[in-house]
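**Q** Residues or ranges marked as domain 'Peptidase S54 rhomboid' in TrEMBL: 112-262. Residues annotated as region 'Disordered' in TrEMBL: 1-37. The feature transmembrane segment is assigned by TrEMBL to 69-90, 114-136, 148-169, 181-200, 220-240, 246-266, 278-300.
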Amino acid sequence: MESDSPSRVFPSQPPEILPPERPDARSGAPGNRAVDFDQQEQLRAVRSREFGQRSRSGPRSWAHAPATYLLVGLNCMVFLAMLAAHVSFLNPTRAQLLFWGANNPELILGADQWWRIVTAMFVHVGIWHLASNMWCLWNLGLLGEPLLGPWGVFTAYILSGAAGNLLSMGVSQAFHSPDSVGVGASGAVFGLAGVLIILLKSPRLPIPPKERAGLRRYVIYFAAINFVIGFGSLVVPTGIRIDNMAHLGGFLGGILFALPLIPQLGSSRPQFLARRRVAIAMVSGILVLFAFYLSTVGILR
């Protein structure tokens with residue numbers, strides 16, 4: 001049986017999801033459905049396979065997937081800044097990771113350094129850790145940005161990463177490991193996978209059913225394989241510490257983010273954006289409540 005190559009599992013370009021235009025009820029002019037976020041040029045480039053290349057009308061625009069580019073760029077910039085500060089290229093020390101913003105229950109709950117919940121998702125343990133996470137982020141981001149829009153991808157990344165870091169912190173406290181250190185974008189990446197698994201299930205998306213099912217299946221494969229690798233490392237020691245709770249928390253955060261969006265996937269842009277604000281507020285509220293629980297009345301305190 002032919003195995004799935006990385007290029008098949010994660011397409012190098014987003015799927016063809018250019019929605020059919022429909023007349024605007026007020027003006028009679030062609031209108032746009034919610035998924036395009038007024039970026040018809042982006043989706044035309046996707047359909048014509050010009051994504052990431054020079055178009056006929058001029059140089060390519062970075063606006064094709066700005067949130068994905070920005071997030072990958074921020075992660076790489078943090079890594080370059082660490083190298084400039086003489087942090088190891090392959091194996092940073094615990095002290096160095098903490099200095100650059102790693103997740104640590106003792107410092108977050110004991111010293112109120114809650115900013116670490118966010119900064120930890122931009123710090124990595126060496127070049128290989130960064131490269132693997134950025135490859136996954138790049139491919140999932142290119143797939144998700146035409147569906148969520150740039151702001152949707154950016155907030156899904158931040159909220160999912162925060163969910164993963166909070167769950168990791170809580171479990172570390174529960175098992176009396178307040179000095180644990182966690183870093184990496186993988187929780188946020190799992191969150192984007194969770195979002196896509198939910199949204200690609202919807203028949204409201206203007207994607208042919210067979211293609212939509214194939215894309216969803218590949219995202220499920222990605223999540224399942226990485227969960228198996230992560231939890232398998234608990235049974236078969238590999239010498240590499242994998243923060244499974246960050247992965248799980250990020251994945252659940254992504255699912256929570258996506259669920260309110262489903263009813264408005266095929267609606268007008270204002271309706272979809274309003275529902276996206278609801279999703280952001282809902283997940284943010286849940287995370288704030290969970291953080292409050294951990295810091296004040298939770299049994300993990």
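Yeah, the Cβs are placed from backbone N, Cα and C, and that goes for glycine too.
Tell me about the surroundings of these features in the structure.
**A** In the predicted model, residues of the domain 'Peptidase S54 rhomboid' (112-262) average a pLDDT of 92.
Counting same-chain residues at least six beyond the ends of the transmembrane segment (69-90), those with a Cβ under 8 angstroms from any Cβ of the stretch are 62, 96, 100, 122-124, 126-128, 130, 133-134, 137-138, 141, 153-154, 157, 185.
Beyond its flanks by at least six residues, the transmembrane segment (148-169) meets 37, 39, 65-68, 70-71, 103, 105, 108-109, 116-118, 120-121, 137, 141, 180, 182, 185-188, 190-192, 194-195, 199, 243, 245-254, 256-257, 261, 273, 276, 280, 283-284, 287, 290-291, 294 of its own chain at Cβ-Cβ distances under 8 Å.
Away from its own ends, the transmembrane segment (246-266) comes close to residues 33-35, 103, 148, 155-156, 159-168, 182, 184, 186-199, 202, 204-206, 223, 226-227, 230, 272, 274-276, 278-280, 282-283, 286-287 of its chain (Cβ-Cβ under 8 Å, at least six residues beyond either end).
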**Q** Flag the pair the transmembrane segment (181-200) / the transmembrane segment (278-300) as in contact if three or more Cβ pairs fall under 8 Å (sequence separation 6 or more).
**A** no
**Q** In terms of Cβ proximity under 8 Å, which residues at least six beyond the ends of the transmembrane segment (114-136) contact it?
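**A** Residues packing against the transmembrane segment (114-136) from afar: 10, 72, 74-76, 78-79, 82, 88-92, 97, 100-104, 107-108, 157-158, 161-162, 164-166, 169, 182-189, 222, 291.
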